[in-house]
Amino acid sequence: MTEIRLHNSRTRRKQPFAPLDAQDVRMYVCGPTVYDRAHLGNARPVVVFDVLYRLLRHVYGKKHVTYVRNFTDVDDKINARARMLQEGGDTRSLNEIIRALTDETIDWYHADMDALGALRPNHEPRATEFIVQMVAMIQGLIDKGHAYAAEGHVLFDVRSYPEYGKLSGRSVDDMIAGARVEVAPYKRDPMDFVLWKPSSVEEPGWDSPWGRGRPGWHIECSAMSHELLGPAFDIHGGGIDLQFPHHENEIAQSCCAHPDADFANFWLHNEMVQVEGKKMSKSLGNFFTVRDLLDELEKRMPKRVAGEVIRLVMIKSHYRQPMDWTEAAAKEAEATLRKWARATENVQSEKIDQRVIDALSDDLNVWGAITVLNELAANGDGSALLGSARFLGLLSEEVRAISQATEAYFDLQKLLILRAEARKEKNFARADLIRKRLDDFGIQLVDQSATVTAPKFEVFKIEEVIQSLPPEDKENLLGQEEYVVPRIFNNKAFSDRYQSFVARKVLGELE
Ligand SMILES: Nc1ncnc2c1ncn2[C@@H]1O[C@H](COP(=O)(O)OP(=O)(O)OP(=O)(O)O)[C@@H](O)[C@H]1O
Ligand SMILES: [Zn+2]
């Protein structure tokens, strides 16, 4: 079996990955707080852990991997956004606005992440559906002496857990000195963090032994991962911005609530999407949403291609390196997809190149995997290229067809440019030759643009085209010359392929 090696933030080194149970490999990734469209930074953990999910499914089998990513649908940021809407004239109750806001944001999130080719996790729990489990866990922590109730709040007693700070490598005293910790009269220690807090009448709230209130953010992940994956599981992921305090707090809660288990075995953190050296974030206002970017790209390429372009740009940077979005990277990704599409023309079968799996198994070296794909394209191994690209969530049937058609169009464009250049140089013989050769194949040049009109090519030329087609197209068309002409031009994919074929042939003749 392929050995996967992953950089474990917990040990600060690359380690061989061995699941607790190879029949049920379990991964939890911190999901979004749902009150706004996801920005490009929020998409990074989604695509990074999607690649890991695909790799785990490949190595251990699809049925043997469970991936959980939560939705935080109860949070002060959500309440604040809902209040803003109320102040803006929304007459619904705060709870109604929050329900509609979180539902809508989850729908947007799904649409945007689907567009980036990310598989949906096996479970996408909403925090509000696991309040009972959160209350039980908090009560357990109080019973064990790790938490205390004060003024309607429940706080985690950080000093009761000597391991606190181990993941991020900080001591509690350093943390107090360096962090913006909230000092509050009900806290015994400034580092203690909230497990439960009181809700006002109009705020979302649930009954609890400590009065009507709502959970703190950190306990949500501890309770949901425990409910869906058990007290110990294999991989916990999220952005590096969550390592402290969120993940540190998750560990403290989970390990104190379930002292016999080890919570998450491997911790994986993706680096940040940056804008001019700073983390892309809502609070800094330096963000653009995935939707904005898709809309922008869709001005010059079809939607499906836009999604794959973003995906390819994002996975190409190693997940532990910061990355910027650049227009140049988008252009390069678009050209790469087109190149791969051409190299997989007429390809039916698919196989995954083992070198791609090996590269990904080395702490998700996607760059290395892409180098292999480019090599396959250069060597004309379309089958392994298609299988491997599909494995990375790229080159879907639709994108392949679109990109191939675009290639065909580019080939024709090249000819038109050559012809225009010839005319400019007053090389009318060459210009005429290009027009004539295209005309021979039934492609007429009209006013600088190429259009396919009623063809007048001979049967042997049709045969040539037919021979270049995949077997089932060939079978449909061979020996039916008299019917070929109308069929070819009724069939968009065929006509694109045909144009590409002709253009390449004529280009070859001119060389
Ligand atoms: N710039 C970024 N680059 C990479 N990952 C990010 C970035 N910003 C947030 N994330 C990740 O997105 C996921 C969702 O986080 P969440 O919804 O809490 O975003 P957020 O922290 O509210 O965003 P912001 O920091 O802009 O307010 C987390 O795993 C987080 O680490
Ligand atoms: Zn979390």
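Each Cβ is built from the backbone N, Cα and C atoms, and glycine gets one as well.
Of the candidate ranges 10-20, 32-42, 230-240, 296-306, TrEMBL annotates residues 32-42 with the feature motif ''HIGH' region'. From the options 89-93, 279-283, 379-383, the stretch TrEMBL describes as motif ''KMSKS' region' is 279-283. Long-range Cβ contacts of the motif ''HIGH' region' (32-42) within its own chain (Cβ-Cβ under 8 Å, at least 6 residues beyond either end) map to 71-73, 75, 77-78, 81-82, 101-102, 105-106, 108-109, 112-113, 217, 239, 272-273, 279-282, 287-291, 293, 310, 314, 325. Comparing the binding-site residues Cys30, Cys221 on other C-beta atoms within 10 angstroms of each C-beta gives the minimum for Cys30. If you take the Cα of Cys30 (Zn(2+) binding site) and the Cα of Lys282 (ATP binding site), they are about 17 angstrom apart, rounded to a whole number. Proximity to ligand 1 (Cβ under 6 Å from any of its atoms) holds for none of the binding-site residues Cys221, His246, Glu250. Note: the CA-CA distance between Lys282 (ATP binding site) and Cys221 (Zn(2+) binding site) rounds to 21 Å. Lys282 (ATP binding site) falls outside any helix or strand according to DSSP and counts as coil.
A C-beta separation below 8 Å, combined with a sequence spacing of at least six in one chain, links Glu250 (Zn(2+) binding site) to His218, Cys221, Ser222, Ser225, His236, Phe263.
Same-chain residues that are not part of Cys30, Cys221, His246, Glu250 yet have a Cβ within 8 Å of the Cβ center of the Zn(2+) site turn out to be Trp217, His218, Glu220, Ser222, His236, Gly238, Leu242, His247, Asn249.
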